[in-house]
Amino acid sequence: MTDKPKLHILLCAPRGFCAGVVRAIDAVEQALRLYGAPVYVRHEIVHNKFVVEGLKAKGAIFVEELDEVPDTDKPVIFSAHGVPKSIPAEAQSRNIFAIDATCPLVTKVHREAELHHNNGRQVLLVGHAGHPEVVGTLGQLPEGSILLVQTPGEIETLQVKDEKNLAYVTQTTLSVDDTRNMVEALTKRFPEIIGPHREDICYATTNRQEAVKRIAPIVDALLVVGSSNSSNSQRLREVAERSGCKLARLVLRADDVEWDLFSNISSLGITAGASAPEVLVEEIMAAFAERFELEVETVSTADEGVFFPLPRELRQAAS
């Protein structure tokens, strides 16, 4: 007999790593295998401190700007979030061996923005100021060519060059519902604005939010495993709250769980952001198993079979 209280855990599926994150992490690990340590990485390769520390232990050196990289023949890898065009240009001017691990779905947004600009349209970017992905997208075109909009209120007062010659793109890790509201506000204010042929919100962001929406109303609490600087992880927590979960928390490790808040629950949802490894979910599950008698159920809302090949330089070097 056990004197532990019972806890019904609902595991969201899909959760955790997406194809772009797997590609970026694999790029660093493959570069370390091919070229040896150190390998330099501009910005956190993905927004997860556990992943970054693990790569540091293998010989990766993380920098924020290229001026922190010494003259070297070792590769410098650009993170999954993408970079402004000035960064590859700076790397080329210094003869730096650069490997671009930008997620292909982010690159798609870059190319859309360029295409609209080349066709004479002013580009609006829906996103969060300061996020590396937004910085990278803004930096694809000459300064001032893209207008960043963050709220429907900003759209109401937005000054554009020509209301009949506009296009929009979006950050890939936003809330699906928030983005839908932004697009509705854009099309209401600017009826002739052109959008992407397919949604810019990435498949993994959409799928993880849909899984949270499914279980959030029926659990006492929900944990999102991820780093505080991860946009898609923060959006999962917000989606849980908006979907009716009264207690939603973002945690990186089991040590981050505020156990007093969870002492009287009988059901718990668990998901993980697209940059959070499954080992952290397992760690948190084990910590709950020490305190509760667990009954675990997986709630699946989508099947993911997406794969992105490594950057060309790494594929060629390995062949």
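Just so you know, glycine gets a Cβ as well, placed from its N, Cα and C.
Now, the feature entries from Swiss-Prot:
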BINDING   C18, C103, C202  [4Fe-4S] cluster binding site
BINDING   H47, H81, H131, S230, S231, N232, S275  isopentenyl diphosphate binding site
BINDING   H47, H81, H131, T172, S230, S231, N232, S275  (2E)-4-hydroxy-3-methylbut-2-enyl diphosphate binding site
BINDING   H47, H81, H131, S230, S231, N232, S275  dimethylallyl diphosphate binding site
ACT_SITE  E133  active site, proton donor
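Swiss-Prot feature annotations superimposed on the structure.
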| residue | record | Cβ neighbours (10 Å) |
| --- | --- | --- |
| H81 | isopentenyl diphosphate binding site | 28 |
| C103 | [4Fe-4S] cluster binding site | 26 |
| H131 | isopentenyl diphosphate binding site | 17 |
| E133 | active site, proton donor | 25 |
| T172 | (2E)-4-hydroxy-3-methylbut-2-enyl diphosphate binding site | 29 |
| C202 | [4Fe-4S] cluster binding site | 25 |
| S230 | isopentenyl diphosphate binding site | 25 |
| S231 | isopentenyl diphosphate binding site | 25 |
| N232 | isopentenyl diphosphate binding site | 26 |
| S275 | isopentenyl diphosphate binding site | 31 |
Cα-to-Cα gap, T172 ((2E)-4-hydroxy-3-methylbut-2-enyl diphosphate binding site) vs S275 (isopentenyl diphosphate binding site), nearest whole Å: 13
E133 (active site, proton donor) and H47 (isopentenyl diphosphate binding site), distance between Cα atoms, whole Å: 11
Residues satisfying Cβ distance under 8 Å from C18 ([4Fe-4S] cluster binding site), sequence separation of at least 6: C202, Y203, A204, A274, E304, V306
H47 (isopentenyl diphosphate binding site) CB neighbourhood, other CB atoms within 10 A: 28
Candidate recorded positions H81, H131, E133, pick with smallest Cα gap to C103 ([4Fe-4S] cluster binding site): H81
Site extent for dimethylallyl diphosphate, whole Å (max Cα pair distance, H47, H81, H131, S230, S231, N232, S275): 15
